[in-house]
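Undergrad: Sequence annotations record features per position, and here TrEMBL assigns domain 'NADH-Ubiquinone oxidoreductase (complex I) chain 5 N-terminal' to A:71-113. If you look up TrEMBL, you'll see A:129-423 marked as domain 'NADH:quinone oxidoreductase/Mrp antiporter transmembrane'. Residues annotated as transmembrane segment in TrEMBL: A:6-26, A:38-60, A:80-100, A:112-129, A:164-187, A:207-233, A:245-265, A:277-295, A:315-335, A:372-393, A:413-433, A:454-476.
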């Protein structure tokens, strides 16, 4: 195959370049828009596969554009980047299909798909960022691109949610800017290097290094919805279902979590972070977030809000795994990044289908929906069970590795935490499944006027992703499974210390 | 000799100017003030110009000074006329008693 | 010497006093008159400092034309007359406290500046030696003219540009403004104008010509000619009409255009912009000065007249 | 310098002047003449750029006299960057003006034909003055150039002819005049002390009371002209009430003249001490905060944009102050970047705001919504410009803020970093008000199949705003240009 | 004791005039008065420049500041004219709308 050094840039440009075209397309040309959307998404998946193939065969991608002396825009394709790019490319394709169905005849589709595309471009940029400076650039772009999506409905509630979202994320972005500056000032580079770049600084000025760690994690924690910086996430639920799906599964929340991974492993280096004594507090924050999110989820009647709190809880598994600072826990964390994405996107798309097809938006309205929409609810149930951590589904795999990692790190209480969390997961998901499958629909709900047949565009994607959930759980040990890929990454990060 | 005459004319001219100015400041209404100003200053100007012309180095210079006198006299006459005209049209009291 | 020093002190005190009086006058008309008198005294002061060119310019432009412009505006504000009882009042109550604080601050700043001034070295050699050295190549013999039209000709070009900008803005602002009824000035004035205007034109030409070797020059001459035009406007000898507009525009820009063209035209063949060939320096300077004088005169008159002439009948204008 | 004939420095100043003359003489052809003159000027600047790249700093002794007797023009990287940027903005705003002054309708003020006819001479005179300031190397010449700019700017500010515009224009006139006169008196003090007028004469002058007075006067005068808090009182109304292309020129270019002169004085100086610099920083902080708060309270879009200018000017002063005396040789670069960034972004933003007002008929922020007729592209331009003004990556504004904060941090001046952050937060808050308005449609009753505001007129704001964002990627070359001829001495 | 030369006298007077103008600009509310105050500032600055040009009698004064002040005067009359045009226009617009 021909060698293309610009491949990462091309992958970035597929969605970045599509965005203005999509924005500019007249509202009426729906077919053209759909075609373009799907084509670009498919091309992107193909390109990512190609990239992964080349990278796996030892081709190193490294693109730099100097902005200020010594400060580059830097794109690269290390295994960690590839993992996140692949996740976003695949899930984008699925979500695009879903969005086409979801927004059929809805207003402002041009704007929606334009910013949707921009949002994915930002995610890809975040994934392939080779230094914190580039990461920051795409991190801010992500904020800007998701804002119009959050307020897409244009209602007062949406605007309020958008404002809160923007305040949280932009303040977080500013903190990240400050952190990047400080890193630049202290270490003289912002590059992501396995093992970190802060060793000298930490030796000379440990307090400054600690402060920088806190600043960066807090900045990223806003998007990763670490308690107490999670306030925007449940409110942002007013967004359309595909947006919520994307926000939770790949884009915003994961960008934060991914950033935490980069900072801990490749800015500070895990050993240095441990040495600075900052991983302990991070574990504590992650643990609190896991429990807090689950507890809050219990009390929510609105399905999407319940899912949102579930996200708050689940994403912190990643932080937890990172902070536990052992290779096994790291595998759990990285695997969960993918697994949680696939599971959560399934659930959000299914929830969107319930709202679209049956007008069901609350848990209390879910009686008997399993019979009304068996396919959708089957997908939802599968994802929920996986989320709870039942073997052999995806959630079990990551939780297993996290627990192992906890033991390996000498933190046995992590098992208790995971168990407790899983119980809470069960407590807030099982009632849903119970209502959906084992209760009869109330008569008024059965005759509700909102009931309409949903198209295949809507029905298929959650089932496909539910299939993923099953496959990546069952075939976890097969070559090229996410788990194997994370093993490969972790080997690299820990210098083969597995 | 000429020098003394020149100085004397200059002093006399200055005296006229002072008188005119006192009139301007002390007289009660526009017309009286105008009277003092145009009459006394016209004379003062003539004397000062004469003094300057006596002191002039050559005839050309003296001629120019003379021209200045002619035109300033013309202009001040016209100006005085215009002020009086305007004052009469605007119609302020002709004579007001100052406290 | 001490008598003269006393005179200087008296004159300086009068200048400052008149400046204060100008600001304290309650009636706007009196204020403007005081300002004009201030300008006259200032010119006298400059004459005392051996700056006759500046004194001429101040009398003609600073006091004379500015005063005329101010009075014309006051007449407009008061609905045609200059006396206070006609039309709107121009005085407004001011905030005593703010005024006090501002005055205090300005006073303090002035005192500081005064101290700095006294601390400055006296008689630091300026550029006069440079000027003397370069005079033979300047094309003229009067140093001020040499500075204005040769050494710092670029500044002077930009100064003419400022005038051009002013007339453009004034035309732009004053659109379709109701014409102030010009005061009927009577036959005596008409007679005066008939005699005075031609002589003034000659005087202007003389000032322009003499500028090369003695105090005088384009600006003073332009001001005199501008005053001629103002008198003409007042006496209705000159009546701007829409048909004059292209001519007027052409006259306004002529000085600037010729000046800039000459500046560019002389460059090349080893010479910089504004570097007149020595053999033609005087001719070129006179050409520039003549054009600038005409432009200044026309511009000053237009600034006084204000409105761009428009067809009054319909009230509609065509540009 | 004699091999090129005539030299491009003079041409950069005189070509717009000839354009202004021609546009004034032939009002009907004014737009064509104006655009032609701008393009010609840009060509001259390109030639100049070529020379500067080859030779570094270029001096042209006008009249062949040379300083101190004559006036010298000077072009280095800083001047070149400003010239290029100004030509770019003039071109963009000029194209925008074609559309803004189209039509014959009289909207409350001057008829369009008249505005069209007078915009161009004034715009070109402004360009003459701006280019003159950039190339000037002489204090008194700077004063005269400032006056050229002032008069042209006032003419532009009152072009609309409304009472509000005239009132604001008069206040602007007074402030601008006072600033220039302070500059003039400052020049007098310099002459008193040094007997010279060229900037080079300042370099060797010993520290003295007269020079301190001169610097004080010039600083205050220029601060008044650049609307440094608390001398900003004239700016918001003047910029908000002018017609859009005029606002764009006023906000993007005119205030920069004063800043540029400040930079040049700092370069030539014995610059006033640490205390003055700190004071500038403190006042800049005041501007950032006060301008931000007022922008939050503004009811009209253009007023919001105008207040943001006050805040951004404050930020540039902070940039100058941020590294203290010894760091000045470095901090000017951040200030220059911010000046460039603000100019491009603000030009685009004002044009966009004008388009928005034209299309939807008002610019009240509280009533903005996605109406049936909406200027989508203009709103996009506004958003892009806002990105640069807020300082989000990769915009040029971001690069400017980055350099500012980097330098402040290196110098250990964390308080300036905090000020920059606060200003950024405020700008996020006030621009969000407008952007949210563009996106809401809960109040719209019109059919949703909207007419998208496509018009050629949207192109200039979009391009300018796009450049404001995209130029951030070219920060390296821009910095390289700024360093040509090494203003402020050697590169550290 | 500072030697009281002509330059000092007029220079200080110029500063005083500038200061008075400054007070006027800052303190006055009327448009015309503020404009005149600005003109006073210009006159004051001009006096300082001319004072800087003065040399004790055998020497002739420095012509450069003279040229500068002439430029300043012309610039100032241009600015005054523009400001006055604005004042006139504003006045007619305001009286139109007030009535």
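Using the three backbone atoms N, Cα and C, a Cβ is placed for every residue, glycine included.
TrEMBL annotations: computationally assigned, not manually curated.
For the listed features, I'd like the structural context: burial, neighbours, distances.
TA: Note on the domain 'NADH-Ubiquinone oxidoreductase (complex I) chain 5 N-terminal' (A:71-113): mean pLDDT across this stretch is 84.
Long-range contacts of the transmembrane segment (A:38-60) within its own chain (CB-CB distance under 8 A, at least 6 residues past either end) are made by residues 1, 3, 7-8, 10-11, 14-15, 18, 76-79, 82, 85-86, 89-90, 92-93, 96-97, 100, 117.
Distant neighbours of the transmembrane segment (A:454-476): 91, 94-95, 97-98, 100-102, 104, 338-339, 342-343, 345-346, 349-350, 352-353, 356-357, 373, 375-376, 378-380, 382-383, 386, 391-397, 482-483; these residues of the same chain sit at least 6 beyond its ends, with a Cβ under 8 Å from one of its Cβ atoms.
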Undergrad: Which bits of the chain, at least 6 residues beyond where the transmembrane segment (A:164-187) starts or stops, bring a Cβ under 8 A of a Cβ in it?
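TA: Same-chain residues near the transmembrane segment (A:164-187) but 6 or more away: 71, 132-133, 136, 139-140, 143, 146-147, 150, 197-198, 200-201, 205, 208-209, 212, 215-216, 218-223, 229, 231-232, 235-236, 252, 259, 267.
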Undergrad: With a cut-off of 8 Å between Cβ atoms, can you find at least three pairs linking the transmembrane segment (A:277-295) to the transmembrane segment (A:207-233)? Only pairs 6 or more residues apart in sequence count.
TA: yes
Undergrad: Go through the chain and flag residues at least 6 beyond the ends of the transmembrane segment (A:372-393) whose CB is under 8 A from any CB in it; none is fine as an answer.
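TA: Result: 310, 314, 339-340, 343-344, 346-347, 349-351, 353-354, 357-358, 399, 418, 422, 425-426, 429-430, 432-433, 436-437, 441, 446, 451, 454, 459, 462-463, 465-466, 469-470, 473-474.
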Undergrad: Are there at least 3 C-beta pairs under 8 angstroms linking the transmembrane segment (A:413-433) and the transmembrane segment (A:112-129), leaving out pairs fewer than 6 apart in sequence?
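TA: The transmembrane segment (A:413-433) and the transmembrane segment (A:112-129): touching, no.
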Undergrad: Could you tell me what the rest of the chain brings near the transmembrane segment (A:6-26), counting residues at least six beyond its ends with Cβ under 8 Å?
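TA: For the transmembrane segment (A:6-26), the list is 32-33, 36-37, 40, 43-44, 47-48, 50-51, 54, 61, 63, 75-77, 85, 89, 92, 110-111, 113-118, 120-121, 124-125, 128.
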Undergrad: Across the domain 'NADH-Ubiquinone oxidoreductase (complex I) chain 5 N-terminal' (A:71-113), what are the DSSP residue counts per state (helix, strand, coil)?
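TA: The domain 'NADH-Ubiquinone oxidoreductase (complex I) chain 5 N-terminal' (A:71-113) comes out at 29 helix, 6 strand, 8 coil.
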